[in-house]
Amino acid sequence: MSTAAAARPVAGTGLREKTAASLVNSFRLASVTQRLRYHIQDGAKVDPKEFQICCISFAKGIDFAIANNDIPKKVEEFPWLLKQLCRHGTDVYTKTALMVLMISVKHACHLGWFSDSESQELIALADEIRTCFGSSGSTSPGIKSPGSTFSQIMERFYPFVKLGHVLVSFEVKAGYTMLAHDFYISKNMPHSLQEKIRLFVAQTDNIDTSACISNPPEVSFLLNGKGVEKRVNIAMDTGPQLPTNVTAQLKYGTNLLQVMGNFKGNYIIIIAFTGLVVPPEKPVLKDYLQSGVIEASPDSDIIEGPSRVSLSCPISRKRIKLPVKGQLCKHLQCFDFSNYVHINMRNPTWRCPHCNQPVCYPDIRLDQNMAKILKDVEHNAADVIIDAGGTWKVTKNTGETPEPVREIIHDLEDPMSLLNSGPVVFDLTGDDDAELEVFGDNKVEDRKPCMSDAQGQSNNNNTNKHPSNDDYSSIFDISDVIALDPEILSALGNTAPQPHQASNTGTGQQYSNLSQIPMSIDPMPVPVPFSQTPSPRDRPATTSTVFTIPNPSPQYSQVHASPVTPTGTYLGRTTSPRWNQTYQSQAPPMTTPYTSRKVSVPVTSQSPANVSSFVQSQHVPRVLSQPNNYGVRGLTSSHASTSRQHPSGPTVQSVSRLSDLVDVDLTVPDTSNWRPRMRGSLVPGSHSTALDHMIIRPSQQSQTSTRLNSSQPVQTPSVQTSQAQSPFTTAAYRTETVLGNRNHPVPAPPGIVRPTGPTS
């Protein structure tokens, strides 16, 4: 049993694998040739597609035999069949299939498959068909000879690439060219497993610099129908290139190299087996000699001083082991040999890293002076200072790592302040009103200074002015026609502030008991009659007064205004519900002989009769100038009355007290639930309340207007007040007085749209 088991043949061992593959290939060639004989018979119905497939299969069988160094059976029948097949190339696709077949046959002829006469005839047929698809190029024999151009290129730019068996080599002249060069690869070719097949492309016109090993910018290379990496026009590396590894694109048997494009010089193209050589650690190099030394002229004004030279390689920033430089380099700085070689084995630019001079491998020189310095100095030395005479000394090295600093350092700025400072955090959630309370609760309006303001400043050089900034009279183009009594202004300016309101020091203003009550300006403007002929010398009027109804008649309506003491009743209104209440502060009234004086203010305007006006006055006139007071924010009218007359024009009667018009709430505000908010925002639930303060609901007009006698007094009009509490308690009080009649609605001025809705 054991003997029989041992004698039983194992599968695959009866015939060698190579012999089995050759036998299968022989059967394939026999079947393909039989089918092709049928297509060349007279009167046979030829299928072009089947004919082309049979030609490609015939070529593959020949290639397999060439790759395995095998000669198939009945090879003597091939020449006659091939000659007959070449006569049937009528269309382009059939010629392409025949070209592939004849390329394989040509290599079979070189291997001695056929007789010499038959081989010559078949090679001639192959060249004739190939000319339809491009020339083959001129061969370049003797590329391995020491004096050849390609040998010099290899020595200069590929010193560690070992050239093996050359598969194809040819030269290309300048101009547009389409080449199709075929070559075959046999398994019996001498090569090692470590060797790779690489493609070399080099220009032979100028080989002094690495530009000669760059790919032609307008030329593409294809192997077996596939583009070579970085050597086709769609993806090309325009710089110096290493030999391209094309092993994966080739196969045993016949291969085809196609080159097409415009050559701008003479090139050599080679495909060969190559290997790599490890660079030596201690190469044999020539010594560096300073070339082009110019003697110092006695008349020269340029004196060469000492130079600082780094002992680190500019490539790796590490200590130089073997100091080298280019033959034509003029500088003292060296670089390391090993670093320079390894970086050019990856990217063969071959230029000095310090001066960018071309330095190919034969031009590398060893600097003996720097080698001696490196041997004598300590290991931690970084730089040396070399004099013009050749003497050198080591610079002091503290061993400390320099701290990074900014490139730009401004004057009077600490360079380390930015590094030592922590992160800068900006608070974007704060309330802008809290910041504005220190300087007043008013919006600052940028305006171009007018001539009247400049004259006002020159007339009051000895007075410390603090004009109010929330001046909105210019929005409605109201002329400053109010003339105040100078004696009243002087009395107000000389009035001392109350102790609990403000105190003045020699260095500036100091304020105490500042209540943090934000003041929000009404978002909707109050309609005000526009003057049709404003004066060019108008400036903002900051006086809170009661204007008369526009009178078309030439007579003037009188408005009497009396000064208001800094401490008294003041009213305000805001759009927020928690501040929508009336505040009052009581203080002893200021006694002055001018308290009972009335200022007659003429106001003129042109508008139709039976028209009421809405006036919003919130500011203090610029002529009020107290030395240590931030100004009276408004003058409250003490007497006002109105009467309606014929279209000739109504008159306004004075009102004795402000309390006759407005009910004042003396309750103290509760600020316990106060919280900051954005300017102009509305808290939930306050929208309707804010609109109630701003919307003026018109009443239905009567069918016939009632004529009133000029002597008959008119009903007291509805009055709306708004409170504006300044952070400075010395400020006067600002009121808004709106005159109107429910039976006679007031038409809106130009540019103001009257709200519509149900009437009350």
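In case you wondered, yes, glycine gets a Cβ from its N, Cα and C as well.
Keep in mind it's a predicted model, so treat the numbers as computed, not measured.
Swiss-Prot annotations:
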- CYS329, HIS331, CYS352, CYS355: Zn(2+) binding site (BINDING)
- 440-450: compositional bias 'Basic and acidic residues' (COMPBIAS)
- 492-518: compositional bias 'Polar residues' (COMPBIAS)
- 631-653: compositional bias 'Polar residues' (COMPBIAS)
- 699-729: compositional bias 'Polar residues' (COMPBIAS)
- 440-471: region 'Disordered' (REGION)
- 492-522: region 'Disordered' (REGION)
- 631-657: region 'Disordered' (REGION)
- 699-760: region 'Disordered' (REGION)
- 298-379: zinc finger (ZN_FING)
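Averaged over the zinc finger (298-379), the predicted model reaches a pLDDT of 89.
The Zn(2+) site is defined by CYS329, HIS331, CYS352, CYS355, and by the 8 Å test on Cβ atoms against their centroid, the other residues of the chain that qualify are LYS325, GLY326, LEU328, LYS330, GLN333, HIS354, ASN356, GLN357, VAL359. Ranking the binding-site residues CYS329, CYS355 by other CB atoms within 10 A of the CB puts CYS355 at the bottom. If you take the C-beta of CYS352 (Zn(2+) binding site) and look for same-chain residues 6 or more apart in sequence within under 8 angstroms, you find LYS325, GLY326, CYS329, PHE335, PRO358, VAL359. CYS355 (Zn(2+) binding site) falls within neither a helix nor a strand when secondary structure is assigned with DSSP, and so counts as coil.
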